[in-house]
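Annotated features, as they stand in TrEMBL:
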BINDING   A:C38, A:D40, A:H98, A:C101  Zn(2+) binding site
2 protein chains.
Amino acid sequence: MATEIQKNLAEKNAEYAQKFDQGHLALPPAKKYLVLTCMDARIDPAAAFGISLGDAHVIRNAGASARDAQRSIVISEQLLGTRESELHRDFARVSSRHTGCGMLTFTNDDAHAIVKKNLGPAALAELGALDFLPFPELDKAVKDDVEFLKVSTTIPDDVPITGWVYEVETGKVRQVV
Amino acid sequence: MATEIQKNLAEKNAEYAQKFDQGHLALPPAKKYLVLTCMDARIDPAAAFGISLGDAHVIRNAGASARDAQRSIVISEQLLGTRESELHRDFARVSSRHTGCGMLTFTNDDAHAIVKKNLGPAALAELGALDFLPFPELDKAVKDDVEFLKVSTTIPDDVPITGWVYEVETGKVRQVV
């Protein structure tokens with residue numbers, strides 16, 4: 001039986017599909033850029049960052065970690081952009097973390113202890129030495145991410161990369177790098 | 001100097017922030033669910049899946065891979081939900097892949113060859129034996145993802161998990177599992 005959440009998805013999607021007229025959009029992002037942000041429920045990247053449908057790849061994970069997103073970032077640029085290598089370099093990247101992020105509230109040791117307590121030793125073993133990638137300082141995490149992407153050999157040197165903080169309290173972005 | 005993309009972000013965000021009145025939202029997703037979908041530019045999860053601001057975590061990566069998202073999924077449920085273990089189990093998950101996905105168009109060997117050709121051997125070495133997680137069949141990939149999450153010891157057995165396909169041509173979702 002469908003849960004309330006599944007019913008909501010089906011009903012809201014039916015309304016969306018009825019008005020949908022963007023079926024012509026091509027696979028490569030029209031504006032050739034990529035936004036990396038957090039999975040946090042309080043962020044709507046399309047609305048808050050002005051991304052029109054079809055314009056940009058949007059990657060979201062816990063904490064907006066660039067390390068965690070590396071597979072997707074390389075695929076975005078090298079495989080799903082334009083397939084013409086002279087255009088790959090037009091990709092720009094925006095990396096944004098945000099205030100009030102839950103990733104500021106725990107350490108790896110905390111996370112492993114909670115998994116063990118709530119889910120048991122089998123779950124802990126399944127995750128192994130997984131780095132949950134928490135971070136204690138917001139601006140420093142943004143700077144570290146941009147640095148990680150800039151020194152990475154997987155991203156051409158002339159790709160613009162900027163780092164931002166999104167304020168969940170005000171809806172404002174603030175450029176850090 | 002700011003690029004056109006960065007200027008667009010700053011300008012559109014200023015408009016968004018001026019009307020923003022959701023600064024009161026709490027960190028845990030109000031409706032306690034999680035949506036996993038692809039980074040594809042043609043998907044607007046909030047609009048297409050009826051997700052109101054503050055309601056759900058949204059994870060996005062290349063191909064909507066559940067394996068790639070495991071860190072974020074565990075954090076969502078065990079650390080950023082409610083912190084009360086009896087409520088964690090209210091989390092539901094929706095995993096959706098989509099038609100026309102670029103991940104259907106290449107193999108791991110293709111991806112490694114393209115990285116080597118475009119970025120050189122240093123980039124190939126940095127990525128190592130990275131699995132790009134491409135998939136040759138859409139519905140099968142959704143089924144495999146749901147199965148992966150269902151057998152995982154990191155997710156309690158009573159969490160509802162469903163698998164969907166989003167059609168970029170029509171804006172419609174179709175439930176697979």
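Count begins at 1; order follows the chain as displayed.
Placement of Cβ uses the backbone N, Cα and C atoms for every residue, glycine included.
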So which other residues, same chain and not among A:C38, A:D40, A:H98, A:C101, have a Cβ within 8 Å of the centroid of the Cβ atoms at the Zn(2+) site?
A:T37, A:M39, A:R42, A:I43, A:G63, A:A64, A:R97, A:T99, A:G100, A:G102, A:M103, A:Y166, A:V168
Cβ-Cβ under 8 Å from A:C101 (Zn(2+) binding site), same chain, 6 or more residues apart: which ones?
A:C38, A:D40, A:G63, A:L138
How would DSSP class A:C38 (Zn(2+) binding site) in three states?
strand
A:D40 (Zn(2+) binding site): tally of other CB atoms within 10 A of its CB
26
According to DSSP, which of helix, strand or coil covers A:H98 (Zn(2+) binding site)?
strand
My understanding is the cutoff is Cβ-Cβ under 8 Å with a sequence separation of 6 or more in the same chain; which residues meet that for A:H98 (Zn(2+) binding site)?
A:T37, A:C38, A:D40, A:R42, A:I43, A:A64, A:L138, A:V165, A:Y166, A:E167, A:V168
